[in-house]
Amino acid sequence: MTIQWFPGHMAKARREVTEKLKFVDIVFELVDARLPLSSRNPMLDQIIQQKPRLVILNKADLADPKETQAWQAYFKAQGHEVIAMNAKTNDGVKKLNQSAQQALKEKRARDAARGIKPRAIRAMCIGIPNVGKSTLMNRLVGKKIAQTGNKPGVTKGQQWLRSGKDLELLDTPGILWPKFEDPDIGKKLALTGAIKDDLLHMDDLAIFGLEFFSRFYPERLSDRYKLSAEDLFLPGPDLLMLISEKRGFRDDYQRASEMIIHDIRQGKLGNYTLDRIEELNPDEISHQ
Ligand code: GDP
């Protein structure tokens, strides 16, 4: 489900997250491993301030493993604990628990020095829609939790969901908005299916995808659409026309665009990471 974010929604979502933060020891910040920056909420640092954080690069099964490693190093260099996982399997769960303990090590030591006994860690999941918050929560809790409907505004008393003996999760995730300033971010989110198609023109999106793959994964594009090495030098719109022609869609570029977007979303062009470390601008790198 996609939420249309208006200033009123954002203010409300922010208020709700701020309120819930008081109850937790640590924030699990979920991002899509294919878009580790574009799928972050731009104000999260301001919102959660000094609260310990574990950055979870979720959907790592769909991302380029080499890039995922580089992004893990990036977040570590910013002082965050970070893990990459696939919330649809149990693989990352042990690591998640260890990393949460690690992120709270100093606090635990301070508590111990003051004679405070360790209790289960209290955490909340935060992220933009579709990054896998509910999937992860279900996985951690081991059962299907109530659907939150992906809407900010579901408020009730704080309830805790148990995950093993060392972790408790707030029953509703914090849902925040993605970055909107940069049109490329909107396209990246749409290409992975995180936001609705109808906010963008399909041909723009397909061309964006083609240009991305011809730059970073050219051989996959040529394999899939039977393109020659020279074809890959074509600008995106020409590539779209060529693929449309080759597939027998003639000038039905809408249909060709839908096919290409579908292929990308379904992983027919392989695992990919749309946000690239090498494309960070200097002020983003200076955090490292
Ligand atoms: P939420 O809006 O953040 O709560 O996201 P959901 O948990 O509803 O997940 C959105 C979609 O992503 C669903 O179709 C999930 O099955 C899928 N999903 C969640 N986590 C993963 C993952 O790690 N890998 C893959 N491949 N899909 C995932």
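Along the chain as shown, residues are numbered 1 onward.
In case you wondered, yes, glycine gets a Cβ from its N, Cα and C as well.
Copied over from TrEMBL, here are the features:
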- 14-178: domain 'CP-type G' (DOMAIN)
- Asn58, Lys59, Ala60, Asp61, Asn130, Val131, Gly132, Lys133, Ser134, Thr135, Gly174: GTP binding site (BINDING)
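Sequence features annotated in TrEMBL and their locations in the structure.
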residue : record           : Cβ contacts under 8 Å, 6 or more apart
Asn58   : GTP binding site : Leu30, Val31, Asp32, Ala33, Met85, Asn86, Ala87, Val131, Gly132, Thr135, Leu136
Ala60   : GTP binding site : Ala33, Thr68, Ala84, Met85, Asn86, Gly92
Gly174  : GTP binding site : Ala13, Glu16, Val17, Lys20, Val27, Met124, Cys125, Ile126, Gly127
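Closeness to ligand 1 is met by Asn130, Gly132, these being the binding-site residues among Ala60, Asn130, Gly132, Gly174 whose Cβ falls under 6 Å from the molecule.
With the fewest other C-beta atoms within 10 Å around its C-beta, Ser134 stands out among the binding-site residues Asn130, Ser134. Counting every protein chain shown, the number of other Cβ atoms lying within 10 Å of the Cβ of Gly132 (GTP binding site) is 23. Gly132 (GTP binding site) falls within neither a helix nor a strand when secondary structure is assigned with DSSP, and so counts as coil. Once the Cα atoms of Asn58, Lys59, Ala60, Asp61, Asn130, Val131, Gly132, Lys133, Ser134, Thr135, Gly174, the listed binders of GTP, are compared pairwise, the greatest separation found is 24 Å.
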